[in-house]
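Undergrad: I'd like to ask some things about the structure below.
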Ligand SMILES: Nc1ncnc2c1ncn2[C@@H]1O[C@H](COP(=O)(O)OP(=O)(O)O)[C@@H](O)[C@H]1O
Ligand SMILES: O=C(O)C1=C[C@@H](OP(=O)(O)O)[C@@H](O)[C@H](O)C1
Ligand SMILES: [Mg+2]
């Protein structure tokens, strides 16, 4: 079951490039103040250390209200799992892992791997990587590849985690996403819709909540996902749920908490 964000704004398959002219902050702002190398005011000094300490404390307080296990992002190719996951994790001050990135680090480009070893071998390794990542305790966000839900073992593991489904449309994906890195779409972009049709029941099976990512801003969407995650953390604590046990109590009851 799956609480739905229905028309929840988002913007999943937005653009490969930036979404607007956002001025980048200066990388090395020039200081007009002399830098002091003593213990009272300069970089690495008491003041900046205490700022860093309170930032860490704030982060930990925030993380304290989050689920104590991985929150998992699933959904079709180019729905925004990787970019949204990274952003929400950064905003919340918790780790982020993209299982495709782990794969690429260990086995090289996915497109090459598909061509040389085939999809079944990719799926086997993908499921192993996911199992290893989901076994790690602590608040974190894990973004899966779009086809990860094909593996029954993975769907089984997802029962023990809060799962967010990011959903978009083929039109939005074809407008914006980089298809060359996605072997299943590279030669046949329209396959996106056909593939989704096959996988939709699997996404519905594992998801606790759905957010649309084909409209609205990334900021808005990130806030809504973070809010939902906090709701899951509170619920987990109220239920006295143990890490890495089933979230069945919450499954099916989730709607947006913002
Ligand atoms: N909320 C969003 N709004 C706008 N564009 C987005 C959003 N999320 C992702 N994108 C864009 O969509 C494309 C695919 O995103 P990505 O995170 O790689 O998706 P996935 O991991 O689901 O395949 C990227 O070009 C990304 O910049
Ligand atoms: O849907 C799929 O079968 C795939 C999705 C990709 O990840 P994204 O969903 O992040 O694009 C990647 O795992 C691989 O190309 C296969
Ligand atoms: Mg991705």
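Note: Cβ is positioned from N, Cα and C throughout, glycine not excepted.
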Undergrad: Please identify which of 199, 200, 212, 215 is recorded by TrEMBL as part of the substrate site containing 100, 123, 146.
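TA: Given 100, 123, 146 bind substrate in TrEMBL, the matching entry from 199, 200, 212, 215 is 199.
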Undergrad: Which residue of 182, 186, 194, 223 does TrEMBL report at the same ATP site as 78, 79, 80, 81, 82, 83?
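TA: So the ATP site in TrEMBL includes 78, 79, 80, 81, 82, 83 plus, from the candidates 182, 186, 194, 223, 182.
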Undergrad: Below 8 Å Cβ to Cβ and six or more residues apart, same chain only. Which residues does that give for residue 82 (ATP binding site)?
TA: 98, 100, 101, 143
Undergrad: If you measure C-alpha to C-alpha, which of 123, 146, 199 (binding-site residues) come within 10 angstroms of residue 78 (ATP binding site)?
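TA: Final answer, ordered: 146.
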Undergrad: Rounding to the nearest whole angstrom, report the longest C-alpha distance spanning 78, 79, 80, 81, 82, 83, 182, listed for ATP.
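TA: Output for ATP binders 78, 79, 80, 81, 82, 83, 182: max Cα distance 15 Å.
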Undergrad: Looking at the binding-site residues 80, 81, 82, 100, 123, 199, which have a C-beta within less than 6 Å of some atom in ligand 1?
TA: 80, 81, 82
Undergrad: I'd like to know which of these binding-site residues, 81, 123, 182, 199, is least surrounded, judged by other CB atoms within 10 A.
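TA: Candidates: the binding-site residues 81, 123, 182, 199. Fewest Cβ atoms within 10 Å: 123.
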